[in-house]
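Each remark here refers to the structure printed beneath this line.
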Amino acid sequence: GGILDDYLRTDGVWILTRNKQFYKTNNEKECAEKCEAERNFNCRAFLFTRKKLQCLTLAENAKMTVTFNSTDAVLYEKKIYLLQCKRGIGKDYRGMEAKTRRGIPCQKWTEKTPHNPNYTPEKHPNAGLEENYCRNPDGDGSGPWCYTTDPATRFDYCNIPECEDQCMQCNGEDYHGEASRTESGLECQRWDAQEPHLHGFTLKHFPEKDLKKNYCRNPDGELRPWCFTTSPTKRWEYCNIPRCTTHPPVSGLGSQCLSGKGEDYRGRIAITESGNACQHWNTQFPHKHGWIPDRYPCKGLEENYCRNPDGEKRPWCYTINSSIRWEYCAIPHCDGTEQETAGMSNVPVQVPLSEECYRGKGQSYRGTTSITVSGRKCQAWNSMFPHRHEKTPDRFPNADLRDNYCRNPDGDSSPWCFTTDPNMTWEYCSLKRCDDHTQE
């Protein structure tokens with residue numbers, strides 16, 4: 001492949017960086033050559049502007065600094081610096097892990113205390129000895145390591161997962177291999193093509209997901225990587241990619257409090273905000289569900305603890321109350337603020353919370369109900385899991401298909417949604433018709 005195959009391309013993005021060099025080049029390939037030859041700093045990425053034919057080599061990539069939109073610019077990031085996994089013994093590992101497998105922070109490669117290093121950036125300029133990141137400058141068979149900040153331990157190994165292109169960790173969300181056939185042997189459709197199958201999984205909408213050529217990927221939290229097929233009669237299918245033999249690193253204990261949506265919450269709260277006890281994730285009673293711990297090894301689905309495996313607003317669980325399928329949990333915020341105020345930030349200001357009834361067929365309904373008549377939780381409109389569908393915000397721009405709120409984009413008899421229950425594709429929502437008799 002060409003020199004640009006080593007880079008991840010993103011159109012229309014500019015990144016803010018102090019350390020950069022300007023060059024005049026005719027095309028992206030020449031700019032990549034400047035990045036490879038850069039001696040002023042370690043070149044992680046470059047920006048190319050088509051109109052001015054300007055080339056900027058950069059010391060930072062989008063993981064390390066601020067990005068913003070710029071129509072004329074194309075950002076190319078070296079893939080090796082985006083990978084948080086190692087190939088083989090990890091001699092070329094350039095990720096940002098900076099603690100040992102026992103959780104001790106690494107000593108900076110340029111420092112002399114608490115340990116005087118044999119391996120320094122001066123002695124080994126091509127070994128990527130930056131900051132205090134784990135590296136393998138001596139080709140150690142046990143993989144990347146670092147000097148530790150513990151005076152009693154000179155060095156220790158780091159827990160870096162394998163990223164062999166032939167295998168996947170977790171559910172293959174980070175799989176970047178080149179498999180391009182489904183498990184039944186069908187060739188994959190290119191992600192940038194809309195034939196034979198129309199779809200919304202484009203590089204524009206999913207810039208982080210490496211939707212390259214026709215390679216198998218998992219952009220939507222499916223069980224494992226998949227692709228649309230080139231067969232008109234088979235829309236999509238899973239790809240047969242084995243699990244890696246080494247386990248992904250354990251990210252400490254995970255968070256014991258709520259930050260963001262709480263997807264990394266690994267605490268032991270197992271009761272919902274209304275006081276219902278949680279159902280164990282590995283049981284199917286009283287509620288049948290698809291979140292089986294063995295299928296999702298990296299979601300922390302232990303015991304009956306509250307979790308957020310599906311990108312909900314915050315952690316939740318199925319309840320042991322047969323009449324209440326699931327509920328959110330009350331998890332204390334990491335910054336000490338009240339959960340209620342944080343929860344409210346998810347509700348758009350212009351939506352009156354009292355509007356929990358609909359008029360006519362409910363095509364104008366813009367409330368925030370997201371529960372079906374049988375108590376099932378709604379699937380987000382921009383998600384394809386557990387049900388693939390065509391009712392996306394792109395295709396129905398006037399239907400306000402936000403989050404997983406009940407809507408009526410297709411003129412059905414009342415608002416509805418796809419459900420998060422794999423056995424029930426869709427249902428009408430738990431909404432009453434408004435009592436006023438005014439004409440719509």
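Just so you know, the numbers here start at 1 and follow the chain as drawn.
Cβ coordinates are placed from backbone N, Cα and C, and glycine is handled just like the others.
The following features are taken from TrEMBL:
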- Cys167-Cys244: disulfide bond (DISULFID)
- Cys188-Cys227: disulfide bond (DISULFID)
- Cys216-Cys239: disulfide bond (DISULFID)
- Cys257-Cys334: disulfide bond (DISULFID)
- Cys278-Cys317: disulfide bond (DISULFID)
- Cys306-Cys329: disulfide bond (DISULFID)
- Cys357-Cys434: disulfide bond (DISULFID)
- Cys378-Cys417: disulfide bond (DISULFID)
- Cys406-Cys429: disulfide bond (DISULFID)
- 1-80: domain 'Apple' (DOMAIN)
- 84-163: domain 'Kringle' (DOMAIN)
- 166-244: domain 'Kringle' (DOMAIN)
- 256-334: domain 'Kringle' (DOMAIN)
- 356-434: domain 'Kringle' (DOMAIN)
Among Cys257, Cys306, Cys329, Cys429, the one of these disulfide-bonded residues whose Cβ has the fewest neighbouring Cβ atoms within 10 Å: Cys257
Cα-to-Cα gap, Cys378 (disulfide bond) vs Cys317 (disulfide bond), nearest whole Å: 14
Disulfide-bonded residues near Cys406 (disulfide bond), in sequence order, restricted to Cys244, Cys306, Cys329, Cys417, Cys434 and a 10 Å Cα cut-off: Cys417
Those disulfide-bonded residues listed as Cys188, Cys216, Cys227, Cys239, Cys334, and which of them has the most Cβ atoms within 10 Å of its own Cβ: Cys227
Listed disulfide-bonded residues Cys188, Cys227, Cys317, Cys329, Cys417, Cys429, filtered to Cα within 10 Å of Cys239 (disulfide bond): Cys188, Cys227
Disulfide-bonded residues (Cys167, Cys244, Cys278, Cys317), the one with most neighbouring Cβ atoms at 10 Å: Cys317
Cys306 (disulfide bond) and Cys244 (disulfide bond), distance between Cα atoms, whole Å: 28
Arithmetic mean of per-residue pLDDT over the domain 'Apple' (1-80): 88
Pairwise CA distance, Cys227 (disulfide bond) versus Cys216 (disulfide bond), rounded so that it is a whole Å: 5
For Cys357 (disulfide bond), the one of Cys167, Cys278, Cys329, Cys334, Cys429 that lies nearest, given that the disulfide-bonded residues are compared by Cα: Cys429
Helix, strand and coil residues within the domain 'Apple' (1-80) as assigned by DSSP: 16 helix, 36 strand, 28 coil
Cβ neighbours within the same chain of Cys434 (disulfide bond) - under 8 Å, at least six residues apart: Cys357, Tyr358, Arg359
